[in-house]
Amino acid sequence: METPQPDKTGMHILLKLASLVVILAGIHAAADIIVQLLLALFFAIVLNPLVTWFIRRGVQRPVAITIVVVVMLIALTALVGVLAASFNEFISMLPKFNKELTRKLFKLQEMLPFLNLHMSPERMLQRMDSEKVVTFTTALMTGLSGAMASVLLLVMTVVFMLFEVRHVPYKMRFALNNPQIHIAGLHRALKGVSHYLALKTLLSLWTGVIVWLGLELMGVQFALMWAVLAFLLNYVPNIGAVISAVPPMIQVLLFNGVYECILVGALFLVVHMVIGNILEPRMMGHRLGMSTMVVFLSLLIWGWLLGPVGMLLSVPLTSVCKIWMETTKGGSKLAILLGPGRPKSRLPG
């Protein structure tokens, strides 16, 4: 009579969960260097189509990479210079923001008896401090500037990635046991992420330009800074467009008026409706194959792991993880849970 074997399913699940916790803790601890690598990979993916475009027109790869990287550096240097001046001026005006906010709160206090509210202006000021209102903006800028601090290291990493990208399929063909499956998965991941980042960058650029022109026409101060913020936060799914509208609306409410604040809010709403809800779904479709809930949860998880840069790149990072799961034996079922809608067929076994 054979002795029944104990069920070790629970133990296996606990081991996998423990391994996941260790991996996530390691990623969180090494966030500084991982953010640098992710930014380099982001630039490499976005710039590689330009390099390919030059190569198809007879330009040698080293020359093409040099041209693209130099143009990128010139554009980033000019943008950072303009933003630094605007941001320093904005920081210097924060005391004026507090003073104006205090005046508005004292004016609001006259209405409190009619609203049956009992709160002193000092207490409201503590809750609505303008410095706290722009905390997220400052944290985002600080996170990006900190990640971009080692510009030389970042540029060198991008250059090496652009040189090595053409050799990756050949290396994998010799290194993997089943290269056809893994190369197909890698190709699908790179194609999906490249398509997503290219279109998202283009749509974010349109968003930033339209916001900048609209705010300039309204005479809003720091229009370029708010436009760049809208450009960056457009990478953040679901909540990015809402967050980018809050600081300029508060600024306009304090220094211009309620009517102008409504106009600024309407500008952001129209831009988000047209670009985010009409153009983006039509241009992208469901190429990344993730549900809305998974997109939102990935925003929270990657934001906790890697900070603001993790929030900006949460969708492509989760997409790569999903495609990697689909090419592994034990991860295909979990990949189905990350997908949108109902699965069309059951997995064998």
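Every residue, even glycine, has its Cβ placed from backbone N, Cα and C.
Positions annotated as topological domain 'Cytoplasmic' by Swiss-Prot: 1-10, 54-62, 164-208, 314-349. The transmembrane segment annotation in Swiss-Prot covers 11-31, 33-53, 63-83, 143-163, 209-229, 235-255, 258-278, 293-313 and rests on sequence analysis. Sequence annotations record features per position, and here Swiss-Prot assigns topological domain 'Periplasmic' to 84-142, 230-234, 279-292.
Relative to the transmembrane segment (235-255), the listed stretch 209-229 leads the set 11-31, 33-53, 63-83, 209-229 in CB pairs under 8 A.
Mapped onto DSSP classes, the topological domain 'Periplasmic' (230-234) shows 4 helix, 0 strand, 1 coil.
Mapped onto DSSP classes, the topological domain 'Cytoplasmic' (54-62) shows 5 helix, 0 strand, 4 coil.
In the predicted model, the topological domain 'Cytoplasmic' (54-62) has a mean pLDDT of 91.
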